Amino acid sequence: MSLPSFFVGWGNRIALPRKILSQPRAFWVTSRPAAVSPRDSLCMFPRSTSSISIPILSSLIKRPRPFATSPTMDHPTLLDKKFGPETINYYAGSPLNRFSFLRTSHTFLSSSLLHPAARFLLLHSLNPSTNKESGELCYVTYDEIKHVLGGNRFEKTDDERVEGWSEGQREVTLVFVGCDERVKEDGNKEDRGVPYWVVDVTPAQLPNPADAEKITTLLAEKYNAEYRNIRLGTALEKGEAAIVAQARSFVDWNARNQFCAGCGGRTMSVWAGAKRVCPPTSLDPAELNKPAVERPACISRKGLHNFAYPRTDASVIMAVISPEGDKILLGRNKKWPKGFYSTLAGFLEPGESIEEAVRREVYEESGIICGRVQFHSSQPWPFPANIMIGCIAEALPTSTTVDLGNDPELEDARWFTREEVQTALESATFGIFDGVEEEWKGGLRVPPDSAIAHKLMASWARDDWGLTKLITNRVIRTCRSLVPSITGHQSLPPRAPVVSDVLYCTVLYYTVLHPPNRSQTQTPMLRRFATTTRTVQRPFITATATRLAAISIPFFSTSSPAPKSDDMPSSSSSSGGYPVQKSDEEWRAILSPEQFRILRQQGTEPAHTGAYTSHTAPGTYACAGCLTPLYLSSHKFPSSCGWPAYFDAIPGRVIRREDNAWGMRRTEIMCANCGGHLGHVFKGEGYGTPTDERHCVNSVSLTFKGEGEEYLLCVSSIPSPVTEKTVTPGYADPRVLGYLIGWLAHCTYPISIKGTVVLLSLILINRSNNTTTTTTTTTTKTSMMVKKTKVAAVQAEPAWLDLQGGVKKVTSLIADAAAEGADILGFPEVFIPGYPWFIFTRSVGENKPDIKKYIANSLAIDSDEMRTILAAVKEAGIYVVLGFSERDKGSLYMAQVFIDPTGTIIHHRRKLKPTHVERSMWGDGQADSLKTTIPTPFGNLSALNCWEHLQPLLRYHTYSQNTQIHVAAWPPMFFWKEGGVLSYHETQEANYVASQFFAIEGQAFVLLASQVVSVDGAKTLGIDHVEQMQVPGGGFSMIFGPDGRPMVQRLPAGQEGLVCAEIDLTDIDSAKNMADPCGHYSRPDLLSLLVKGKKSECVVYKE
């Protein structure tokens, strides 16, 4: 089935409405979004080719350079591509090089002071000299100010000045600010640019206060200048504002610290205003020829002391958003004008992280409890000398009610909608309000855009999370408001099915950052969110610089019959005469790298790793390359071979050919429509199927559609606020949507769609019956595999022998991991109901009462307790590997479940062989537990229990499944002691090394998760009498890199918590380049592993 591509260009005509058709099922846009003006519209034209072309419009791709001395690029840098463009706030981005390393050089300072182009800014009561008309900064020359300075003080070194210092003499404050290197004398290599200085001409700070009046007259008569309070309406250009911020803070610090904090004596300024010292001696100004008088001893004269240098007070300022992301929390001080609100803020306290300060301040001022906190940007705030650390914080779903009872600082705090904030942002004026109006009839008022509070509010209101792209798993709920209108209140096009239930939705939450009434176009940023169910394959997009691919979501057309197998060629090459023919380049654009390797290069996926190996939902399996239906779910049968198995195919959809590769004679099976490699067919294996055949198929070659499912494409233009929606539904082949997604995802040049949020929604609907299916929600951080992510490992004490307490502890830890921003969380072995060390320290007879209790508190897969855990995982939106004692009928197993962000168990395995006396309690795992690895968007995730890491064949089998992130689950392990009851290999030291060795040997990130035993826990377990089991202790959690290096600081053995680390999967490449045990560093022709993949059953029926 041929599909159109789109040439994306710019035009002055409106491109919508426009019908884009390729086949009977097409993507329609039937009306123009209300907020898009005709002249600013984006034009999309059908093309005859099967690729997408994005022209490089050099005249349009112009990124403004930040006003700073740091090097900038005209194209997006590596960090720009990862985090988005940097946010530079007002009072930051100085054009000057401070040359702080030259502040001790009197030669440099002297030449800078006397430089013919040197510029001197004057501060009077911290207010800068500015031009009365333009408001720009006004500078004077050295000759005009030297009589106030008393000449060139830098003719001497600072040490010489300290020796000749007199306590009775006063010296005007002079600060070197830096040099503007953009302006240099031609050919002069020594010239560092134009020097900038600042002089404090406040009368109280001058040796001769009368000089202040003379300087004021000079400014007025020669420069038409005056002193202005920059907080009351002087809108300086950003570079000038940054200069004033630095100058004001340094001058203010010198004025406030003229007496020593150590002894109380008067201090003097050195380092050109960047340091103050307490001189050891003082000359008598009346008798300068006499020896200097010793001053009292002072601690500041030895060592390093922070009060000798300018200090910056750190403050946090945060935009607190609601759990759904549709509201923001703002507060107001009682002294502020009516209607004026801002983001919450507060000072950082000693020993407190930024995230902790944000949560504390928000709770103290508003009663709201925050979860995730993310840095946005920072701003110098020279009133007097602060650094404002801007953050975005997310309120917990259970904490949205404002309570001002903790701290009376605020008069009011409330939640505001996006529309209210957007309106206030557009009307915000520069400066501050003076006085409190008695009456205010207008709406919300907010700080001007010179304040970081304004930037934080704007980043939320316009959906631009700035430097760090804050993404949470709950923002998708904002898009749920679309569902009612799509599912019953809109007239659908002809042939569109009746919508009975929304099962799947891929939403592009796309905001164009061209703010209204702004002349400068900014770079757009993209948000992708997805909801999914257990039976629907996740979409993924692949792309190169100029070729954008479709998402691999199945669509089943009945418009044309499938070709017959006897018409098919015997070759699977792309040029072999199949109905669907593409070049390798075209296939690479449509398929993921793994799909291309298997479908087009006859590759094979590792056993037990495929998404459809144990898949049992009713529906149809199609070719992932051309979407041709191949197998029905009724053809599928359990084979325990490690790959999906079918006894037959839909007639005419699968062809065969002889395959003699690898020295074997086999029968290859391929898609009859595109020639894509599926796998091989085997006959006579004794499975008892109707055909006596087994089609062994790679999951990667397939995609799945459940019974009665169809797709609906909706394009939505949502003006502010998001609840006022304009929905235009359409009916489409989902690959057309893929082209649109691909283009949007890789668009880096400005788009002038002012203030509009565009939602593209692909909705999987069920028209077979009216049964209700619960929609499950998660966030897809990227539609391709995420290379960088955050992982966490548990180090905590279980609720010993207490099932309900264990469930509560597990759900709490899952929430903690989500709050830390982790995407994957690993739990220790049998965390519910805890590891029973008493089986090693007491006899079987002594253990009977505790074993009975242990069985009663073990966890069953099909239980309310497990469903509670799954709900917690769904709420957190992360991947979890949970270790627990599984109760299955009358038996126990040491089990692990892999749970995805939708709260679905996607894999379940059991420890293959319990260790030593563990066999008296737990049974063995079967062949299905050989699958230790499952694919996730963050990498292949695997897990083993405890001494499974000491089974070399099982380790190797896990490596063969291409594990990338591995959970090493352990019970509490204790330190070795000479003569103790524990052998060395049973101790913490040995098993720490075993986990580390897994990382080294398998080149994978390892999440070592372990249990902790407290004093009370030891009594519960009856092991408090064992000397070697130190309590509290037992914990040794760690995260290892793929080269074996510890990536985090280890927690004390008795301390509970999470160990978290940011990991980069590309680190695995260099490790495997050294020694890939299942690749180039192996000799399968000499040494190989035989795996029996068929599960043994207790009861087998034979005819």
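Quick reminder: no glycine exception, Cβ is built from N, Cα and C everywhere.
What TrEMBL says about a protein is an automatic prediction, not a curated fact.
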Listed range which TrEMBL flags as region 'Disordered', given the options 146-168, 560-582: 560-582
DSSP-derived helix, strand and coil totals, residue by residue, for the domain 'MsrB' (584-707): 24 helix, 41 strand, 59 coil
Mean of the pLDDT scores, which run from 0 to 100, over the domain 'CN hydrolase' (789-1065): 92
DSSP helix/strand/coil residue counts for the domain 'Nudix hydrolase' (310-438): 23 helix, 52 strand, 54 coil
